[in-house]
Amino acid sequence: MKEIIIYTDGACSGNPGPGGWGAVLAYGEHQKEIAGAEADTTNQRMELMAVIEALKAIKGSGWEIRVYSDSAYFINAIQKGWLENWQRNGWKNSKKEDVANQDLWKALIPLLRKNRVRVEKVKGHSGDRWNERCDQLARNAIKSLG
């Protein structure tokens, strides 16, 4: 089975402030770019929105998907088991505080379960062409807010 490759990025002008997200999805020779923006948000919310919207754009289930992100927040939550711990602990973090962005994490969980998703860290602003493209999509989305 072929793999769907997803690159994502989020950006914020001020944190909080106007924010945007961008994603590139690639399957074989096919490629799709998506982006969006919110008037008042945070960088971390935009990073998560990029992943959520990219996974929503995939039709069907059972796909092999690899998500590349420069967000340590997203990558660590998945790879280090933070997300599982948060769920198990009633959405409290290690400091017994409410987990930030619960609404987005809760929206992400069924999307992760629908397919076989692996996540990988990409260094931001390091010349990776797809990460740079996602950053451009996110920044253009912010500009579209006016």
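Placed from the backbone N, Cα and C atoms, the Cβ positions cover glycine too.
Feature list (source: Swiss-Prot):
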DOMAIN    1-143  domain 'RNase H type-1'
BINDING   Asp9, Glu47, Asp70  Mg(2+) 1 binding site
BINDING   Asp9, Asp135  Mg(2+) 2 binding site
* Structure fact -> When pLDDT is averaged across the domain 'RNase H type-1' (1-143), the result is 96
* **Which listed residue (Glu47, Asp70) has most other Cβ within 10 Å, given these are binding-site residues** => Glu47
* Asked: For the domain 'RNase H type-1' (1-143), what are the DSSP-based totals of helix, strand and coil residues?
  -> 57 helix, 47 strand, 39 coil
* Asked: Within 8 Å of the Cβ centroid of the Mg(2+) 1 site residues Asp9, Glu47, Asp70, which other residues of the same chain have their Cβ?
  -> Thr8, Gly10, Ala11, Met46, Ala50, Ser69, Ser71, Phe74, Gly124, Asn131, Cys134, Asp135, Ala138
